Amino acid sequence: MSFLSLSHLEKTFGTNRVVKDFNLSVEKGEFISLLGPSGCGKTTVLRMVAGFETPTSGGIVIDGQEVTGLKPNQRNIGMMFQAYALFPNMTVAENVAFGLKVKGVAKDKRDARVEEMLRLIGLPEMGGRYPFQLSGGQQQRVALARALAPSPRVLLLDEPLSALDAKVRVSLRNEIREIQRELGITTIFVTHDQEEALSMSDRVVVMNGGIAEQVGAPFEVYNRPSTRFVATFVGTLNVFDGAVTGPQSVTLAGVPVTLAEPVEASKGATVALALRPEAVQLGRVEGADVVLPATIESVEFLGSIIRVRARAGGSVVALDTFNRMDAPPPAIGAETEVSLHARDLIVLAG
Amino acid sequence: MMRVVAWGVFLLGCLFFLLPLVGMTEFSLKMRRGVYSFDAYAAVFGDPAFWATFGYSLALAAATIVVGVVLVVPTAYWVRLRLPQARPFVEFITLLPLVIPAIVIVFGYIRMYNTSSFLPLTGSALGTDILLTMGYATLALPYMYRSVDTGLRTIDVGTLTEAAQSLGAGWVTILARIILPNVMVAVLSGAFLTLAIVLGEFTMAALLNRPAFGPYMQLLGANRAYEPPALAVIAFAITWGCMGLMQLATRFAKHERAKA
């Protein structure tokens with residue numbers, strides 16, 4: 001039986017159904033990300049787990065206890081907010097101790113736990129400071145310590161990295177993941193940043209229009225998206241139209257291709273075939289299943305990666321190549337070829 | 001040229017406000033013929049009625065502040081957190097004491113709570129004091145509400161509340177340990193304004209026949225020459241002292257700097 005179970009969750013605001021029949025089972029110690037665009041319902045799901053929103057229907061069970069009707073302060077859940085939400089009138093130590101004090105933990109135990117938490121987040125000397133004396137990254141670390149101090153059953157992270165600058169965001173996400181692994185705490189992380197979701201999570205839930213479009217490991221979600229939305233939302237994607245010629249074969253830009261998996265479409269139908277930029281190669285590659293003539297339209301230098309857009313087979317194809325000092329990027333307007341393998345093609349449903 | 005005009009207007013404004021005060025202060029120092037002295041102030045401070053009425057009003061001001069805080073802080077907090085659509089209505093209600101004269105309110109009280117009513121508060125001194133406190137709280141409502149509401153505007157009420165709830169806190173804990181300390185400067189502003197209102201209020205105290213500072217000032221003004229301006233200067237000093245305390249509270253509230 002799963003540690004956290006959300007079954008048939010629905011949430012309606014007026015006539016607007018924000019969350020539709022949402023189901024999710026989370027194992028103890030698992031790190032799950034809810035990923036999706038603004039307004040997809042991911043934060044509403046998190047807020048229902050926290051108890052800040054009451055589900056219109058459905059149930060939430062944590063560690064075998066039905067919590068759907070419980071108030072937020074009765075659920076023993078830790079939460080981190082985008083806006084840090086540290087109490088401005090309290091020092092760092094007082095902030096971290098707040099949950100323990102509310103629980104009635106004795107002062108000596110409380111002090112020991114605060115010290116332990118501050119050491120865990122790498123700010124053991126900051127206990128006497130006020131939140132306004134800390135940087136954004138430090139404030140968010142304190143918010144993490146405060147959320148973890150009362151030993152919550154579940155940790156909820158509501159876009160905690162969004163307000164931070166890029167460098168701090170990357171280092172803090174690694175720290176959060178390390179601490180989460182160390183404590184083995186079940187965590188739900190809401191983000192619209194696919195890089196964060198893919199790099200931190202055991203599983204990713206891709207949401208769109210209030211429903212979970214796909215639930216899976218980051219590798220699976222990225223490489224085997226189950227719907228067109230997931231494919232286009234997670235990472236960059238090239239989409240081609242292919243004409244079905246057999247149970248497992250199509251033609252792509254007039255070239256016959258045998259796919260890795262059977263196609264669920266009748267002969268003559270058109271299917272969408274997707275391909276990640278890193279699966280398209282510039283030039284003629286030995287053993288490639290499809291080689292198309294191409295004209296370079298744009299070149300973006302991204303540091304370690306060079307993203308090229310080329311017109312091939314009637315559409316614009318994005319492809320990524322590694323930066324190499326001995327191979328300068330292609331010139332715009334250059335005539336070349338692009339190669340791809342049938343095994344990398346993803347047939348999109350929906 | 002514009003600068004000269006601006007300074008001219010500023011100086012004119014200063015004279016308009018300061019000249020009467022200077023005149024009044026000067027007059028209050030002329031009790032002894034031919035020389036300036038503090039005789040009028042000594043006479044005021046030496047009058048037991050001054051201390052009795054001042055102490056009484058101070059005590060009622062403290063009670064009014066407590067009632068105001070207990071009434072306004074949860075109301076303003078709740079309106080901001082859960083009933084933002086009710087804000088214009090609540091603001092209208094809190095503004096009513098500014099347009100309804102105190103005499104109307106006090107006659108309403110007397111009619112509602114006289115000795116033959118269901119709640120005969122005017123039948124005892126304590127009951128009348130409670131009634132007067134409620135009246136003062138009503139008069140101070142526009143200032144207290146606005147101060148607290150402005151204070152609440154400077155903090156993220158919703159997120160702080162949710163953060164506290166997720167840590168296990170109930171409503172009383174949230175209000176007492178998170179919200180109130182974070183709007184303390186605003187509450188103090190409202191409290192000092194309340195103190196100034198209570199110390200100077202005449203109508204309610206006189207009609208409820210209570211020994212407050214307002215009626216004492218009126219009585220002194222009607223019967224003496226030099227003591228009333230001395231009393232007025234003292235009252236000004238108290239008000240300005242309150243304003244100074246408000247500034248000090250703002251300056252020394254450590255966490256308030258974060259909001260600045």
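From the backbone N, Cα and C atoms, a Cβ is placed for every residue, glycine too.
Under the heading transmembrane segment, TrEMBL lists B:48-77 (among others). Within its own chain, the transmembrane segment (B:48-77) is flanked in space by residues 90, 129, 132-134, 136-137, 140-141, 144-145, 148-149, 152, 157, 175, 179-180, 183, 187, 190-191, 194-195, 198-199, 205, 210-216, 231, which lie at least six positions past its ends and keep a Cβ under 8 Å from the stretch.
Residues annotated as domain 'ABC transmembrane type-1' in TrEMBL: B:54-249.
If one looks beyond the transmembrane segment (B:89-110) by at least 6 residues along the same chain, the residues whose Cβ comes under 8 Å of a Cβ in the stretch are 75-76, 79, 83, 121-122, 131, 134-135, 138-139, 141-142, 145-146, 201, 203-204, 207-208. Per TrEMBL, the feature transmembrane segment maps to B:89-110 (among others).
Taking Cβ pairs closer than 8 Å, the transmembrane segment (B:122-145) reaches residues 60-61, 63-64, 67-69, 71-72, 75-76, 90-91, 94-95, 97-98, 102, 105-106, 109-110, 113-115, 190-191, 193-194, 197-198, 201, 204-205, 208-210, 212 in its own chain, all 6 or more past its ends. The feature transmembrane segment is assigned by TrEMBL to B:122-145 (among others).
Taken from TrEMBL, the feature transmembrane segment applies to B:183-208 (among others).
Here TrEMBL flags B:228-249 (among others) as transmembrane segment. Outside the transmembrane segment (B:228-249) by six or more residues, the chain places 21, 24-25, 27-28, 40-41, 43-44, 50, 184-185, 188-189, 192-193, 195-196, 199-200, 217, 220-221 with a CB less than 8 A from a CB of the stretch.
Tertiary neighbourhood of the transmembrane segment (B:183-208): same-chain residues 54, 57-58, 60-61, 64-65, 68-69, 72-73, 101-103, 105-107, 109-110, 122, 128, 131-132, 135-137, 139-140, 143-148, 150-152, 154-155, 214-215, 217-218, 235, 238-239, 242-243, 245-246, 249-250, 253, 256, selected by CB-CB distance under 8 Å and a gap of 6+ residues from either end.
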